[in-house]
Amino acid sequence: MALPSPASEEAEGPCQEANQEYQEPVCSPVPEPEPEPEPEPEPEPEPVPVPPPEPQPEPEPQPLPDPAPLPVLGFEAEPVQEPEPTPTVETRGTARGFQPPEGGFGWIVVFAATWCNGSIFGIHNSVGILYSMLLEEEKEKNRQVEFQAAWVGALAMGMIFFCSPIVSIFTDRLGCRITATTGAAVAFIGLHTSSFTSSLSLRYFTYGILFGCGCSFAFQPSLVILGHYFQRRLGLANGVVSAGSSIFSMSFPFLIKMLGDRIKLAQTFQVLSTFMFVLTLLSLTYRPLLPSSQDTPSKRGAHTLRQRFLVQFRKYFNMRVFRQRTYRIWAFGIAAAALGYFVPYVHLMKYVEDKFKEIKETWVLLVCIGATSGLGRLVSGHISDSIPGLKKIYLQVLSFLLLGLMSMMIPLCRDFGGLIVVCLFLGLCDGFFITIMAPIAFELVGPMQASQAIGYLLGMMALPMIAGPPIAGLLRNCFGNYHVAFYFAGVPPIIGAVILFFVPLMHQRMFKKEQRESSKDKMLSHDPDPNGELLPGSPTPEEPI
């Protein structure tokens, strides 16, 4: 019998009471408890935007140092020298990609350079008349004065070439404008002070040294500045400039002869100095376009005395042009020819006065030289533009051969007409030789080193140019006439022509050899230099100086 649970007893209590009252018991359902409402979730706070962290630059990987070489038994390991950093040039532009304007303001520069070449070489090519005037003044003191008087004009002409390496340094460091203006001012002072002295020894300094050095500083920048404004028509520009010298040469003999007859030698120097004064003003138009070199960090970082000396030496004397064999041969050939080049200009007038005493217009010979020189410079300018590469040198070979032969023909002329024909050929050869000198230098060493290449060339010509006329004067004193002197003057140009003949052949041979080597070693070829290119015969790329 199961016992009732306490819950059942509680349920029976109210029912029994209802039965006692005779009422039907009502059982109400127990209400279920209402579920408590779930609390609404609180809204989550909006996240505050956090700025993303700045990206940190990744450190560049440092190159591992080269392992030190293992010492070999019996030898000490030499310290490894780190290569010097590549020098940088702070300029307005680089030579690579530079395009000359080929005109425009360049034609004003051409006019200034024309006046420069015309006034300088117009005076120097008329030195034969000045030489005769000097002899007239000095004959009263010394009968055998030809040797001493010849030094005046020879020094002036020789100093133009002797100072050329120094002028190249000033041109590279200071620019064409400052160098040319300073030189023209010095030339003006030299000519003007020559009028205040009658001493031959003092005129060695005033005319020979001062005037000659000033002309050198004024002349060479006129050759270099044309390469800044012309490239495709550089030969034509050089021809126009050189032709200006011929126009002046045609007028200067007549002018100097007229001044000498009327106002004598001293006042003639004063009149000629005005041309140098005008040149000083015109030289201000030489605005350079190509960059000039400056000091590099590697040069400033030199520590040892030897390094500082080498830095300064390389800074002022760029010897890289002599690494090219073709340039060395070319410069030596022209220097050899220069020994007899200037002899006819100095002694021709005196020779004609001695042999053809009835002829008064001896200056006509210098006019003929100037006229055909201008024609030769114009023609050679056009011809050189059409001749590719170093084949232009063959024009110099031909001109030197004819120049030597014509010098030897002077004593063989029996009449004045024959001398006129000889002088016409002399001027033509002079025009061809002078005009193509700068374009050949650009072809040999490139535009960045052309300035010093021309400077060293003219410097090598200085000694034979100075020595030639005095040697001819000494021969005249020894033999009593100019025959041997002019025969002597014709030999060096012929020798120079033979030397120059081999330069294009050697250049072509070296170019083919380098092409064969470059085709084999393409993977090991040098990177292109930003300032130049590798020239045939040069071990290093062309660089600014």
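Quick reminder: no glycine exception, Cβ is built from N, Cα and C everywhere.
Membrane sidedness, as given by the topological domains in Swiss-Prot, is identical for Thr179 and Glu443. Below 8 A, the CB atoms of the transmembrane segment (454-474) and the transmembrane segment (329-349) form 3+ pairs separated by six or more positions in the chain. Among the stretches 103-123, 205-225, 236-256, 329-349, 363-383, the one making the largest number of Cβ pairs under 8 Å with the transmembrane segment (150-170) is 205-225.
Relative to the transmembrane segment (205-225), the listed stretch 103-123 leads the set 103-123, 363-383, 393-413, 484-504 in CB pairs under 8 A.
Of the two recorded stretches, the transmembrane segment (329-349) lies close to the transmembrane segment (484-504), with three or more CB pairs under 8 Å once pairs fewer than 6 apart in sequence are set aside. The transmembrane segment (363-383) is in contact with the transmembrane segment (416-436), judged by 3+ CB-CB distances under 8 Å for residue pairs 6 or more apart in sequence.
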